[in-house]
Amino acid sequence: MTTSLTSAAPPPVETKRAATTPPKRPRSRTSRYAIWFVGPFVVLFVGMYVAPILFAIYKSMFRIQRDALGLGGTQEIFDPLFNYAYALGDSTFIESIGRVLLFGVVQVPVMLGLALGIALLIDSASARAKGFFRLSSFAPYAVPTVVSALMWSFLYSPTNNPFNQLLGLFGLDINFLSQDFALWAVANVVTWGWTGYNMIIIYAALQGVPGEVLEAAKLDGASPWRTAWSIKIPLVRPAILLTTIFSIIGSAQLYNEPFVLKQSTGAIDASYTPIMAAQASLQSANYPYAAAQSVLLAVGVAVLSVLFFRLTSRRSS
Amino acid sequence: MTTSTAPVRAEKTAGNRQRRKRTDAKGSQGSTGGLRGDSIETTATSRIAVTAVLALTAVYFLFPLWWLFVAATKDAGYTFAGSPLWFSNFDLFGNIGDLFAYKDGIFAVWMANSALYSIVGAGLGTLIAVSTGYALAKYEFRGKGVLFGVVLGAVLIPKVLFTLPLFLMFSATGIVNTYLAVLLPSIVSPFGVYLGRIFAASSVPDEVIEAARLDGASEGRIFFGVSLKMMAPALVTIFLFQFVEIWNNFLLPSQVLISENLRPVTVGLVSWNALVQAGQIERHMVIIGAFVAVVPLIVAFLSLQRFWRSGLAAGAIK
Amino acid sequence: MKSSIVKAVGVASILTLAAGGLTACSSDTTSGGSAGGDGKVKEIEVWTWAAGYDESAKIFNDTHDDIKIKYTQIEPGNKGGYDKIRNSITAGNAPCIAQVGFETLPSFVAEGNVVDVTESAGKDKDLYAPAGWAGVNVGGKTYGAPQDQGPMVLFYNKTVFEANGVAVPTTWAEYQAAGEKLKAAGIKLTGTYEDYDYSGFAWQAGAPWYEIKDGAWSITPDSPANLEVADYWQGLIDADVIGAGIWSDDWAAGLGDGSIATIVGAAWFAGILKDSAAASSGDWAVAELPQWKAGDARTGNVGGSLSAVLKGCDDPEAAWTVANWISTDPASVDELVKGGGVYPASVAGLESELLATGDDYFGGQVISDVFKTASGQVNEDWAWGPGVSTLVGTLGTGMKQAYAKEGGATVATALTGAREATVSELKQQGIAVNE
């Protein structure tokens, strides 16, 4: 991901290669060997990515049919669009998508803003104990998401949580898992876990900003703020874009955190996020519908990512 | 392999000429004048302000871990007694003893499973990803463009979405509820291939490969003997990304595994949390379990961070 | 399209076959009911969440040579246990026997996940209490052996009641009055009842959630009769006499320190109470459930489960033998009573010595006497239908909001939400539903 900087400037080695080596000779030689290098990946990829997608599409085209009282077992009937039509009218599913969109629109900028801010601060000349701060924000990345959700579920617990002991001093008492706060409680767990990860990527990109450029800026009398805003940020833009894409995908597959927190609150129901909704269909043994929900979601994420790519690349060119 | 050293040196000097690498505070700073110049000009106020803000963020990131540590040290039945952020009824070692004694040490089995899935999955996955990325960067073959396009596309699809169809497919083939059911999907990492391609393109000069060929080395020998070594930091980076992803994995193993003995620690802990609600296990077991599950990863990160940052930095710069 | 799918699946299966070597050595479960050892001994796999079954299985294995039990404890049904059972059935390696709640059995029947054992079971019908036997039969077919039942009673903290001059309520009106009185002393009347725990109130009131009319299901959790029950509980919520959420740590703490004075629930709460509130041993007592009308003697049932014979079991007859033995063998039942505090559903179980002795936790009271009375008073007009997990899951979420007084949620809106979700799901599956 860090490597995304390359997408800004084409890898020098490759261009050099194209210019210097005659294309024909190595082609005949290497193409014979390439199969051994890409073979294992291609086979596994077909088995673990392509086949499941096709299988999900296939499965989604059936409809569950039970007898009138539903006590005589299950039949699956071919009815290609039934589940898709149902999904579009399924208010819990649609709500779950809306919820995750809202989540993404708020949480992703907050998290990435925080990550960028910390990266810039650690990168700044004024920072002390850089190693410590880098590690402290990165430490949560080492905590599995379900474990961090478990941890936060204790921290959110209405009676035992240390925040409210603190807030109590100001006469406040917030139920973090109430209807109004639950989504942001989830957002906080995600932000806590992933800010450091994104920070490290942006920070690594900042490390690549050439020293001469910064010296030149200083000689021109640019303030640290101005340097950060006008020089550093534009230069690490590819890293920021990449972390954004990954965060969008991360939001789309939001599952672990709300799944764990659901144990502690009624504000999170079984269909809180689209993935949870698909899992809930599974729980009522409706595999075709779960498959249709997964397919819809995959298409949705792909469209969003492509749109985001288009938007950002147009602006940059 | 004497021929290979010269181009490497050439590459390095070329790199240095192009851009001077800025080292950060922990590194051997002072090698370049630029950084020194920076630090001279910082004022005490700005140093205090920046450090204060960073300290605030550090509190945010560390205090839940501190809470977990403190809670894990409290004796059974006193988990929520006393201050949540300071020690009381200290019995960390007794707790850890309880944890590993519970149900004939099922927790140790879960930890071992997590380690197995993560190390084997990330190990094989890294090798496969790097060899594919290497081929994409260095070889010409039919379908290369298509393959890379598909890999990029796959990076954009959330992996969780494959859980259900994989489960049904694994059920049909009898692979469900085996180590393979978790390992096989974990090994495939399109993102690893993407990284592998970029790392291979930037850290293995074509001249080295050509020189080795002239020496009569086979392609396999070049890859394992020369290229992989040059890509070492990249390997660590890809391995760690994938390791964490697999260690984190929850939905896939919880779906495709049935027996308790195959579970990774994430699935095990969540099942314990459900049992707490049903009154079948004490809450403090979940807290100690969470603490013990986190420690090895944090230790691994701290001890490997030198490698892994150099990989990241290399990737980011090149 | 079709051919490419077939091809893709074919590739995948070749892949998985190629990897088969690894599978063979890493697989550690034998599929349910497969013959083990010398080919003569039958192994029957059993999954339950209630404790005590491991001991029962040991006794079985010590006393039987032709059949052996392989026992595994799983998570409680709606905490992941049912997912696991369903997954294993889909995967084709399900156990022969799994614990399934009475309320969930119709869903399992609807999904075709259980095996009809009417033929093997018919002869043993008289070994079970009627309330238990009713639970294992759906549409006239038997699917397993009744394990335990959950007649509803009132658990109350006698010490707290006496200290505050509260008499044991016999009607719901008196129960509410007791709540008001305790509230003055800073004590909550009870915790919350969110999903199945709430269903028992409707059951007692004769307000069914599922009915079959004209060959179609009527889903009626918000029928007029149900809304009366809902009004009552809404009244308790509004009066602020309800404390911490059921199953939470705070709830357990409240039961232990006397700040929550009662549990209205099934007999099996006795075991939960002892585990959660060991500190208040000797304080608690059991009484019959308060009535809607003074002088009535009706109660509901919450929980109760069976050892269901699952799809894919290759020897349902042997499975029935095992299931029947677990529920009716005196030594086995004693283990279940000791381990999980279950209230047995078999006649032999009800006669267990363990149940006839006074319980120190309850100040020496013979609590099973109350349970036995209650068991005979369980309303018989209640039936569960398909889609229960959606109904109860949605209800649970709505009820949590109602108790938290959030977003205008009430008990009534929670019930309506549950109905809507269930109707929608059943329709999607082609099941006939009356609007």
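Backbone N, Cα and C define each Cβ position, glycine as well.
Residues or ranges marked as region 'Disordered' in TrEMBL: A:1-27. The annotation transmembrane segment is assigned in TrEMBL to A:33-58, A:100-121, A:133-155, A:181-206, A:235-255, A:290-311. Under the heading domain 'ABC transmembrane type-1', TrEMBL lists A:97-308.
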With pairs restricted to those 6 or more apart in sequence, evaluate whether the transmembrane segment (A:290-311) and the transmembrane segment (A:33-58) have 3+ C-beta pairs under 8 Å.
yes
For the transmembrane segment (A:33-58), give me same-chain residues lying six or more residues beyond its boundaries with a C-beta closer than 8 angstroms to one of its C-beta atoms, as numbers and ranges.
291, 294-295, 298
Mind checking which residues reach the transmembrane segment (A:181-206)? Cβ under 8 Å, same chain, six or more beyond either end.
1-2, 4-5, 99, 102-103, 106-107, 110-112, 114-116, 118-120, 122-123, 134, 136-141, 143, 145, 148-149, 152, 156, 174-175, 232, 235-236, 238-240, 242-243, 246-247, 250, 254, 257-258, 261, 265, 267-268
Is the transmembrane segment (A:235-255) packed against any residues at least 6 beyond its ends, judged by a Cβ distance under 8 Å, and which are they?
1-2, 4-5, 7-8, 100, 103-104, 107-108, 111-112, 115-116, 186, 190, 194, 198, 201-202, 204-206, 208-209, 213, 273-276, 279, 297, 300-301, 304-305, 308-309, 312, 316
